[in-house]
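Some features that TrEMBL has for this protein:
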| type | residues | note |
| --- | --- | --- |
| TRANSMEM | 37-56 | transmembrane segment |
| TRANSMEM | 90-111 | transmembrane segment |
| TRANSMEM | 123-144 | transmembrane segment |
| TRANSMEM | 165-190 | transmembrane segment |
| TRANSMEM | 196-218 | transmembrane segment |
| TRANSMEM | 274-296 | transmembrane segment |
| TRANSMEM | 317-341 | transmembrane segment |
| TRANSMEM | 376-400 | transmembrane segment |
| TRANSMEM | 420-440 | transmembrane segment |
| TRANSMEM | 446-468 | transmembrane segment |
| TRANSMEM | 480-499 | transmembrane segment |
| TRANSMEM | 550-574 | transmembrane segment |
Amino acid sequence: MTTESSDLASLIDESPSSRLSVEDLSNSLKTFGKLDYAVFVAMLLCCSCVGMYFGYQDHMKHKRRAKNRRGSLIDVEEIDYLMGGRNMKVFPVAMSLVASFISGITLLGTSTEIYLYGTQYCYISLAIIISSTIMHFTIIPIFHELQITSTYEYLQLRFDRRVRLFGSLMYSLATILWLPIVIYVPALAFNQTTGINIHIITPIVMSICIFYTCLGGIKAVVWTDVIQMMLMYGTLFLIVIKGTMNVGGLSVIIERNMESGRFEAPDFRIDPTIRHSFWSIVVGGTVYWINVNGLNQNMIQRYMSLKDVKTARKGQMLYVIGVTFMIFLCCFNGLLLYATYYDCDPLQTKLAKAKDQLMPLLVMEILRDIPGLPGLFIAGVFSAALSSLSTGLNSMSCVILEDFCKPFLKRELSDEMTSLIMRGTVLILGVMSVGLVYIVQHMGSVLQLSMSIPTACFGPMLGVYVIGFTLPWIGRKATLLGAIIASTSMLILVIKAQAEIALGNIKFQTKPLSVDGCTYNFTIDANYSNVTDIPYSYENKEKHIYEISYLYYSSLGSLIVIVSAFLLSFIFGFQDPSQVDQRLLVPFLRKYFSSSSKTQYKEANGKEAIIHNFEMKETNKNVT
């Protein structure tokens, strides 16, 4: 590694015996000073203050309203805590949507992806644009017209309570598995820059997240997301500018990455076992993003906090612009990583203990001479994590309340019990996530891990929604059994794939990595094998189903549900399309199906369904 900093260069002698060891060099880069800690702590305090502000504001508002409520159809505190009163502003919600997507996984994992495997993953932006266009004309109009709180309320309206409960279980499982990944990644960055153990910092940061999420609800989540987004953008811009100057300019970055083959044209091979090809990224990625952006409670809850369909669509367009730009910055930082370490790979020399410590290492090298800037970067990474964590915790409180508590209680919950359930969920899941970090750290690449495990649960549910939106002749029994078959199959597939990756039985070909230019002493582990020296031969290698690209998981899961439900309908019988209310179908199909009275939903599902939701919408407007 040719070090740009003059102070490090002065410590390095041409004689190998007098060179710095990798341990000494690593320690010299861990110069997290008082100002850096101050910046980091200031970010955490800012989040806490936002939570306290909105918590106090809502408390006073509910206190003023208490005398005039007299048993309204909705619980005002619940709507404020979970949906922001359904009247939030477009820009902060759009920034919150971006922040929910841009976790520390994206900031660190995407850059590492480009460093190791090249720019093929950058084409994911096309998938985001296509999926958002589909969502624009289908999912947003349906959910906003129904004015639901939990995404899975739709499943009870279209099918029955059992399908709704199954969908909620799958979401809960996916979220519980995803949250520890989110908190683990920034802890790695903090460890690389300060040397503090990841199991010390994770409970501290999670405590802050639990605090402001419990107090302020979705308003605190959204407005802390806005602050955190500004911090993330500022941090990435700073790295891009300073890092480009350090390596000698943009031309040097382009030249070094071109020589290593990291700039890639779309790979049009059809083989589904190719980890990243044009088809897996654009086709598989589109289905994946419809799933995580269009049917994920984390995201839908924000769209539903906006007042109408038109406003929600504006928020979505701003979200697409923000996410696309953020991905571009992360991909550029991946190219910058290689341009900096092109002749001395920190992974082989163990200067970086894990793949996702590459970006923190780069930051400490290029920003460590400017007090406060490393702290700004770590604050940015943790900001990304906090936004995703608070989103997940707040959404889970909604699902637990709406899907697991209310449907099974014969009487209405009191305000105190509602508040206890919502905030208790945040606390319990936060503590669980910290404990699960011990497992996550042994499970391989976090970018692939974060996109694999949740989609094993979300993929089948996408198939259920596709049936609900577009296939009114398929009934609830066939759909539920098809979803169970698909979910079981996908969980087995994903667990098998992750186990094989963790054991080293599945390896992916990286781009060229070199240690020829290292100017410090290091020892490569005898068991270390550069996967570049073991080309992944798709033509000659025996293929297994669990080697399918993780980007196809959503597509495969949803396809299994649709096919299984269709075949099972021959056994259970097809449903009369007239029994399905038109408002539960995508807008462009409604004219082809006529529906019977809405009261049939009341009889089938045991609740007032569509009628109740429209009454709730009107009452909410009057109360707020």
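Note: Cβ is positioned from N, Cα and C throughout, glycine not excepted.
Keep in mind that this is a model prediction, so the values were computed, not measured.
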Sequence-remote partners of the transmembrane segment (317-341) [C-beta within less than 8 Å, at least six residues beyond its ends]: 1, 4, 90-91, 94-95, 97-98, 101-102, 106-107, 110-115, 119, 121-122, 124-125, 128-129, 132, 229, 232-233, 236-237, 239-240, 243-244, 246-247, 252-254, 256-257, 260, 262, 293, 358-359, 362, 365-366, 511
Interface check, the transmembrane segment (123-144) with the transmembrane segment (274-296), three or more C-beta pairs under 8 A: yes
Winner by Cβ pairs under 8 Å against the transmembrane segment (376-400), considering only 37-56, 165-190, 196-218, 550-574: 165-190
Among the ranges 37-56, 165-190, 196-218, 480-499, the one whose Cβ pairs under 8 Å to the transmembrane segment (550-574) are most numerous: 480-499
Contact ranking winner - 37-56, 165-190, 196-218 against the transmembrane segment (480-499), Cβ under 8 Å: 165-190
